[in-house]
Amino acid sequence: MTATLKKPPIYKVLYFQVLTAVVIGVLLGHFYPSLGVDMKPFGDAFIKGIKMLIAPIIFCTVVLGIAGMEDMKKVGKTGGLALLYFEIVSTIALMVGLVVVNVLQPGAGMNIDPASLDTKGIAAYTGPGKMGTTTEFLLNIIPSSAVDAFAKGEILQVLFIAILFGFALHKFGGRGTMVFDLIEKTSHVLFDMIAIIMKFAPIGAFGAMAFTIGKYGIGSLFSLGKLMGSFYLTCLLFVFIVLGIIARLNGFNIFKFVRYIKEELLIVLGTSSSESVLPRMMEKMELLGAKKACVGLVIPTGYSFNLDGTSIYLTMAAVFIAQATNTPMTLLQEVTLLAVLLLTSKGAAGVTGSGFIVLAATLSAVGDVPVAGLAIILGIDRFMSEARALTNLVGNGVATIVVAKWTGELDQKQLTRALNRDDWIEAQEPEMILDHQQDKMR
């Protein structure tokens with residue numbers, strides 16, 4: 001047993017491979033921009049490979065979790081507490097962004113005339129139909145057909161189907177039935193497929209980063225460096241102070257948690273999409289002691305309702321545009337902006353570019369800030385996407401552990417052991433460790 005738990009050489013560890021790939025991608029994109037842009041298919045292929053399995057993995061995980069539960073009341077309790085947590089923490093994130101941007105004022109002194117801006121680049125984000133109403137968003141959770149939900153990879157629609165299927169399967173016997181066993185075996189196969197695809201994560205991160213630097217250039221980072229610096233600083237403060245306090249109150253350390261998911265963070269840094277590690281995060285949250293049913297409900301739901309990084313970005317970007325264009329905003333107008341963002345931010349999925357679409361829709365709805373001002377930040381939005389995705393990922397991970405503890409679905413001893421023994425966690429693939437733990441339980 002000691003041999004199987006031996007820590008592998010550094011060059012075989014995924015986070016080292018991804019970090020190296022990201023650095024190489026940055027260098028290639030900077031010194032050979034055209035070649036860097038040509039590397040885009042590598043990043044796209046990796047993300048598509050992960051996305052093709054997200055829907056079936058969510059379905060299997062949620063169905064197994066719900067159908068295998070003894071007390072079905074816990075499902076409703078878990079969902080209710082998760083939504084309550086999402087709303088509270090998202091509101092805090094919006095407020096933190098609003099406070100910091102008013103204190104640092106990164107847009108002050110730019111004196112940009114909105115009429116002089118070239119708005120052709122933002123037309124794709126501000127066109128009609130890009131952002132639906134709240135009613136349309138809620139109705140869209142119900143798919144037109146089950147096949148359509150899986151074909152399009154709509155996370156909330158798949159989650160809706162999985163919850164219904166899980167309840168129905170529980171009614172007909174749940175654990176021990178042939179259908180349950182089939183779904184359980186299918187789940188193992190799907191996670192094995194994810195493990196295979198994750199071997200190519202360094203190549204995907206390299207391609208995505210080389211493209212980003214090659215297309216937009218490092219120079220674009222400096223032109224609006226104050227906004228980027230303020231945003232990255234705010235995200236760090238939110239993660240290590242706000243989420244840090246929440247973590248401490250619930251019995252774990254945020255620094256150890258971030259270290260625990262460092263591989264996933266590096267992959268997200270390279271791809272700018274938190275969806276690229278969704279299946280792996282579900283595995284790792286189970287390894288921390290959260291039960292499958294809780295993980296299956298909280299993680300997928302959080303990808304639409306608990307986007308802390310996107311929330312920070314939305315308030316900071318909106319007020320920054322107002323400052324840069326010398327558009328005065330009263331306290332009432334900022335509170336109104338906050339209230340509108342509480343609704344519109346829920347429509348931002350965990351994919352690249354969604355935050356910009358939501359920002360465009362919000363500015364159009366509020367009317368106080370010129371929508372043309374979006375052209376100011378269009379060039380650096382891709383670089384800010386990394387911080388959004390990273391903060392979203394940490395936020396959803398913390399939310400899962402917190403909700404699991406609130407509902408009594410967390411093994412505190414396993415949580416402590418996993419966070420304190422990262423060498424044991426890194427020694428093997430997550431699915432191998434899960435199998436090892438299940439064998440011990442038997």
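Quick reminder: no glycine exception, Cβ is built from N, Cα and C everywhere.
Residues or ranges marked as transmembrane segment by Swiss-Prot: 13-33 (among others). Taking Cβ pairs closer than 8 Å, the transmembrane segment (13-33) reaches residues 39, 198, 201-203, 205-215, 217-218, 262-263, 266-267, 269-270, 426 in its own chain, all 6 or more past its ends.
Summarising the annotation, Swiss-Prot assigns transmembrane segment to 49-69 (among others) and lists sequence analysis as the type of evidence. Beyond the ends of the transmembrane segment (49-69), by six or more residues, the same chain brings 75, 149-150, 153-155, 158-159, 161-163, 165-167, 169-170, 174-175, 180, 183-184, 186-187, 190-191, 193-194, 197, 200, 275-279, 282, 291-297, 300 to within a C-beta distance below 8 angstroms of the stretch.
The feature transmembrane segment is assigned by Swiss-Prot to 81-101 (among others), with sequence analysis given as support.
Annotation source Swiss-Prot lists transmembrane segment at 149-169 (among others), citing sequence analysis.
When Cβ-Cβ distances below 8 Å are used as the criterion, the transmembrane segment (193-213) is approached by residues 14, 17-18, 20-22, 24-26, 28-30, 33, 35-37, 39-47, 49-50, 53, 57, 266-267, 269-272, 276, 279-280, 382-383, 429, 431 of the same chain, each at least six residues removed from its ends. Sequence annotations record features per position, and here Swiss-Prot assigns transmembrane segment to 193-213 (among others).
Using a Cβ-Cβ cut-off under 8 Å and counting only residues 6 or more beyond its ends in the same chain, the transmembrane segment (227-247) has close neighbours at 89, 92-93, 96-97, 100-101, 104, 106-107, 221, 253-255, 257-258, 308-309, 312-313, 316-317, 320, 377, 380, 383-384, 387-388, 390-391, 394-395, 398, 401-402. The annotation transmembrane segment is assigned in Swiss-Prot to 227-247 (among others) on the grounds of sequence analysis.
Tertiary neighbourhood of the transmembrane segment (312-332): same-chain residues 93-98, 100-102, 105-108, 110-114, 227, 230-231, 234-235, 238, 338, 341, 344-345, 355, 358-359, 362-363, 366, 368-370, 373-374, 376-377, 384, 387-388, 391, selected by CB-CB distance under 8 Å and a gap of 6+ residues from either end. What Swiss-Prot records for 312-332 (among others) is transmembrane segment.
The annotation transmembrane segment is assigned in Swiss-Prot to 336-356 (among others) on the grounds of sequence analysis.
Taken from Swiss-Prot, the feature transmembrane segment covers 357-377 (among others).
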